[in-house]
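Asks: First the structure, which I've put down as structure tokens, then a few questions once you've had a look.
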Amino acid sequence: MEQGSERQDERPPLPCANGCGFFGSADTRGLCSKCYRQTVMSQASAPSAAAQSAEHDQVVLPAPEGVPVDEGAMPPPPPRHGAKTKSRCAACGRSVGLMGFECRCGAVFCGAHRYSDRHDCGYDYRGAGRDAIARANPVVRPDKVEKL
């Protein structure tokens, strides 16, 4: 048993099936690694392109007038506090870089203005807390007792 003389294949390497000049392998259907990767990517992108075109063809119909529309299904867009770029504080204009703090009102602030009492925050913390408590603890009412 000679371990050194035993090899996987004694056949000479075959050139790439696309003719790019590199050697192909039987595992990659006779293609080199670069050509194989390109064919796999093109095959993978073709179905996704068809799926995207199918998504764009769908038409959204408005709800009939007699049917009530659930307002909670589509949340309103968050109000902007004037922060057009995330790299500047909305209150003082200082460059915040990577340390910007995003408030619940949607603006980005520096370390000095990150708290709601330090900037003119339009977010209703009290109302949000009230809603969270109402959602977490629904009102439990007992059945009415019939009087005799």
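Using N, Cα and C of the backbone, Cβ positions are placed for all residues, glycine too.
Look at Swiss-Prot and you will find Cys16, Cys20, Cys32, Cys35 tagged as Zn(2+) 1 binding site. According to Swiss-Prot, the feature Zn(2+) 2 binding site maps to Cys89, Cys92, Cys110, His113. If you look up Swiss-Prot, you'll see Cys103, Cys105, His119, Cys121 marked as Zn(2+) 3 binding site. As annotated by Swiss-Prot, region 'Disordered' applies to 64-86. Residues annotated as zinc finger in Swiss-Prot: 10-44, 83-129.
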Asks: Fill in the CA-CA distance, His119 (Zn(2+) 3 binding site) to His113 (Zn(2+) 2 binding site), as an integer in Å.
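Replies: Counting only the Cα atoms, the answer is 6 Å.
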Asks: Mean pLDDT for the zinc finger (10-44), rounded to an integer?
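Replies: Mean pLDDT for the zinc finger (10-44): 83.
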Asks: 10 Å Cβ neighbour count around Cys110 (Zn(2+) 2 binding site)?
Replies: 21
Asks: What is the number of residues in the zinc finger (83-129) that are helix, strand and coil, as DSSP sees it?
Replies: 8 helix, 6 strand, 33 coil
Asks: Under DSSP, the zinc finger (10-44) has how many residues in helix, strand and coil?
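Replies: Looking at the zinc finger (10-44) with DSSP, the answer is 15 helix, 4 strand, 16 coil.
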Asks: If you draw a 10 Å sphere around the Cβ of Cys105 (Zn(2+) 3 binding site), how many other Cβ atoms fall inside it, taking every protein chain shown into account?
Replies: 19
Asks: At the level of the C-alpha atoms, what whole-angstrom distance separates Cys121 (Zn(2+) 3 binding site) and Cys92 (Zn(2+) 2 binding site)?
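Replies: It is 14 Å, counting Cα to Cα.
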Asks: Which residues does Cys20 (Zn(2+) 1 binding site) neighbour through Cβ under 8 Å, counting only same-chain ones at least six apart?
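Replies: Once residues fewer than 6 apart are set aside, Cys20 (Zn(2+) 1 binding site) is near Cys32, Lys34, Cys35.
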